[in-house]
Amino acid sequence: MTNQVKIFDTTLRDGEQALPASLSVKEKLQIALALERLGVDIIEAGFPVSSPGDFKSVQMIAKEVKNATVAGLSRALPADIDACGEALKVADQFRIHTFIATSDIHVSNKLKKTQEDIVEMAVAAVKHAGRYTNDIEFSCEDAGRTHIDYLCRMVEAVINAGATTVNIPDTVGYTTPTEFGGIIKQLFNRVPNIDKATISVHCHNDLGLAVANSLAAVENGARQVECTINGIGERAGNCSLEEIAMILQTRQAMYDLNTNINSKEISRTSKLVSQLCNMPVQSNKAIVGSNAFSHSSGIHQDGVLKAQNTYEIMTPESVGINKNHLNLTSRSGRHVIKHRLHELGYKESDYDLEAIYAAFLKLADKKGQVYDYDLEALLFFDQQKHDQAYYQLTYLHATSGKEIIPSATVQLKIGDDIVTRSETGNGPVDASYKAIMAMLGHNDLEVVDFKLDSKGEGADALASVSVITEYKGRRFHGIGLATDIVEAGVKALIFVLNNTYLADQIDQQKHQQDRVAGV
Ligand SMILES: CC(=O)SCCNC(=O)CCNC(=O)[C@H](O)C(C)(C)COP(=O)(O)OP(=O)(O)OC[C@H]1O[C@@H](n2cnc3c(N)ncnc32)[C@H](O)[C@@H]1OP(=O)(O)O
Ligand SMILES: CC(C)C(=O)C(=O)O
Ligand SMILES: [Mg+2]
């Protein structure tokens, strides 16, 4: 048996079924090209008979993708298969994927047919697909709840009819790993022509077992895994591509199995899918969550600083993330504080570690995460002084609406001066930010992240804005809270500006100290 596991991506088909808003043809193509770069073997681009838009996007993807097989899904009906054949025929390599449910629950309640009818429809569908291509996949929908004798009979029949891949879906995520692995094992033991097809699996995550079940299937001989980026898909989603790929890569020594996935493309692809699909990734999601390579507690941070593999089983670089993050929290210890200060350019002789650590703990207990600037400020300032803000908001007027150009007038007290500026923008927050940036007289400040949240419930909830900016190589974090979204955004930026002002003062003090020391 081959040790190559094919990765069949169904982000654009099963994943797309569960999106909050539909994707345009252009967005689908963008995702398909990212999947091609990632190295997936098969891209399931859509369900061509379902709508003219889906037909068009499958056709467009079939035309543009060169280094992966493009597949389309169809029911076991001639018209569906014809639509697939038509949409895909422009491709260099294409696959028709046809399916019908095989469990008693689906056959009698949904399809309202007999088991005999279903075998006949399946065989006829595979033969019909043969008019267009030799690359035919057949799926036994709800195989996880199908009687094993009937499943064996169906698999044998569709392989005889010409299916080159037979997919065994756990459509409703019902099975457990031992059980699902057992189904695959029985198919290999009982279906006489099983060696004529690739056995594929397609697991859903209703009980959180999609990846574990797919792995159990691979352990028992499946050599294609159907999955989606970030695990998106119907209900609780599908097997997550990045997880199954990284399991096989990280545990290569145990499984001796390979995929064609270029794991360094994982992070970038995950971000693209999350953004275009408007599906945020939970921070603790394996491989691609923002916390997946972050360490927050002192013992872990100390370990990782001494040897990365103490708490990292794969490197962030291997999935395309620059480096890990060591979050400074009240659970952090002295090692990481020393390390971060060293990264920020301070020598141990510049500070008293015990004093800084005590001040840091107090701040972290109050604030949660402590950012670079906060830490530096502990070296230079008494925390109380932070409240004497250099930048203060004295007036804000913003307008927005349908068919008007958003604009904002902002007035700030900057030191002893009052400065007013008006700008237009893409929205009222953008206009306000432009007005403030114009007042600064430099463009060293870049907003790299802007998050809006609500505190409380209902329309009168408080708006909470969290902004991360980069300024002269350092990251600054600001938060703003107000009943008005624009005001909250402006407050968050002013919070940052006050910290950048203090950071500039720190730099000046450092230069003076260096001059005195003759450095
Ligand atoms: C497990 C999965 O993810 S399967 C894929 C699910 N994806 C989708 O459904 C997205 C695309 N679907 C669609 O656009 C539409 O449902 C269409 C175009 C396919 C069909 O639309 P409609 O003709 O209006 O039918 P509707 O969706 O309401 O019902 C499905 C029909 O297909 C039948 N059917 C379901 N699966 C199959 C199958 N594999 N083969 C043949 N017939 C099937 C159902 O029994 C039902 O038939 P009935 O009308 O005789 O009762
Ligand atoms: C169409 C099939 C493969 C499917 O999505 C499922 O059974 O979950
Ligand atoms: Mg599915």
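Just so you know, glycine gets a Cβ as well, placed from its N, Cα and C.
TrEMBL: automatically predicted annotations, no manual curation.
Binding site for Mn(2+) per TrEMBL: HIS202, HIS204, ASN238, plus ASP14 from the candidate set ASP14, ASP41, ASP416, ASP417. The Cβ of HIS202 (Mn(2+) binding site) lies under 8 Å from the Cβ of PHE8, THR10, ASP14, SER139, ASN167, ILE168, PRO169, ASP170, THR171, GLU226, ASN238, CYS239, each on the same chain and at least six residues away in sequence. In sequence order, PRO169, ASP170, THR171, VAL172, GLY173, ALA210, GLY233, GLU234, ARG235, ALA236, GLY237, ASN238, CYS239 make up the list of same-chain residues 6 or more apart from HIS204 (Mn(2+) binding site) whose Cβ falls under 8 Å from its Cβ. Under DSSP, the residues of the region 'Regulatory domain' (392-519) split into helix, strand and coil as follows: 46 helix, 54 strand, 28 coil.
Along the region 'Regulatory domain' (392-519), the predicted structure has mean pLDDT 90. Taking the mean position of the Cβ atoms of ASP14, HIS202, HIS204, ASN238 as the Mn(2+) site, the remaining same-chain residues with a Cβ inside 8 Å of that point are THR10, PRO169, THR171, CYS203, ASN205, ALA210, GLU226, CYS227, THR228, GLY233, GLU234, GLY237, CYS239.
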